[in-house]
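Chemist: Quick one: the structure is below, and I'll ask about it shortly.
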Amino acid sequence: MTYKLLLLPGDGIGPEVLESTKRVLGWYKAKRGFAYTTEEDLVGGISYETHGSPATDAMMEKAKAADAILFGAVGGPQWDKLPFDKKPERGLLRLRGDLGLFANLRPALCFDALKDASTLKPEIVSGLDILIVRELTGGVYFGQPKELVTLQNGEKRAVDTQIYYTHEIERIARVAFELARLRSGRVASAEKSNVMVTGVLWREVVHKIHETEYPDIQLSDILADNCAMQLVRAPKTLDVILTDNLFGDILSDEAAQLTGSIGMLPSASLGAKTADGRQPGFYEPIHGSAPDIAGKDLANPIATLLSFGMCLRYSFGRVEDARLLDKAVENVLAEGYRTGDIMQPGMTKVGTTAMTDAILKALDKLVG
Ligand code: NAD
Ligand code: IPM
Ligand code: MN
């Protein structure tokens, strides 16, 4: 089977971290018989500059036809003042929405070699392995109305709308419970049912799915603000965190810092199987385009490479291949290679390219 991959590098450090991924893809083709073809297209600010839109219909067609999509990052200060529908970030949101990628998995794992790299004490983060299951196609990101209007008196009014339907909560809850069965069997559902009616519905639906389909799982409710606090107080008390689109965005950046850097956190965005049995899969680091370090060979490529690892696992069922990549990253970190974001005294500072070289070498060593 030859898989069709769509590469969407995007803006800022996006092209740099996808360049690393292309090299690792090449390694998997040469050494592991992973057969694929790639197409590449524009998304985000670069697509706006070229086509006047952050996500063209032609790019969307390629995305729909691909077996998996590998994405870099979008955005940058030069596009911040564009009208809302032209912003680079809309390109990413269109992909998530139109492809129905409702389940966003964001694992936060603290590699042993990095337990001193976090801003938290090593005993708080060492051995950390949590999974944030973020709802990705609903909530305040997509709810209508979404508008900024100038009133007659000259004042402005901005409206974002948080909407959740029962079926949206049911399907993401099932994803979290299924994944929890493969892990510790614990799910913490984070919402704000104390102030939001969407939170009330969230809690009600999650409990219904739990009682009727997953009574073996230990479910706890946690208010999202408390969850943010627990993540830095005692993150290892948490395992699977099930949450909505906005809380998931914020909690995952926070969780990233427990692992040493946002440059370490991968993600997989999955949709429901299509009529012809395909599983839409979209893989991206959780970080952004990092305009402050773009174009300087400084970006940590690990989040993006681990996202490709998630692609091997979730889109292609190549679990052994995914484990190889995890192991190669672990070994390289143990050998002391560090990009600037995870740099520690006495370690070897490398850039994006040299970190990728080291990972390729570690992969070679692992297969002998
Ligand atoms: P950011 O994640 O781009 O950067 C935050 C900080 O983390 C910066 O100091 C950056 O240098 C650092 N950082 C991020 N990734 C890194 C990596 N791989 N290696 C080393 N350091 C890294 O977030 P931001 O600054 O808030 O946003 C910048 C732009 O990116 C904005 O336009 C935003 O909308 C966009 N953004 C895009 C995505 C995405 O495409 N998925 C995600 C988040 C933000
Ligand atoms: C992320 C990003 C995106 C989000 C933006 C760029 C639309 O922050 O993937 O975490 O808010 O979901
Ligand atoms: Mn984010």
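Every residue gets a Cβ built from N, Cα and C, even glycine.
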Chemist: Out of Arg134, Arg186, Arg203, Arg233, which one does TrEMBL list together with Arg96, Arg106, Asp225 for substrate?
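Modeler: According to TrEMBL, the candidate sharing the substrate site with Arg96, Arg106, Asp225 is Arg134.
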Chemist: Within 10 Å of its Cβ, which one of these recorded positions (Arg96, Arg106, Arg134, Lys192) has the largest number of other Cβ atoms?
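Modeler: Selected residue: Arg134.
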Chemist: If you count CB neighbours within 10 Å, which one among the binding-site residues Gly76, Pro88 has the smallest count?
Modeler: Gly76
Chemist: Checking the binding-site residues Arg96, Arg106, Arg134, Asp225, Ala290, Ala294, which are within 10 Å of Lys192 (site 'Important for catalysis') at the Cα level?
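Modeler: Those near Lys192 (site 'Important for catalysis') - Cα within 10 Å - are Asp225, in sequence order.
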Chemist: Measure the Cβ-based neighbour count of Ala290 (NAD(+) binding site), defined as the other Cβ atoms within 10 Å of its Cβ.
Modeler: 24
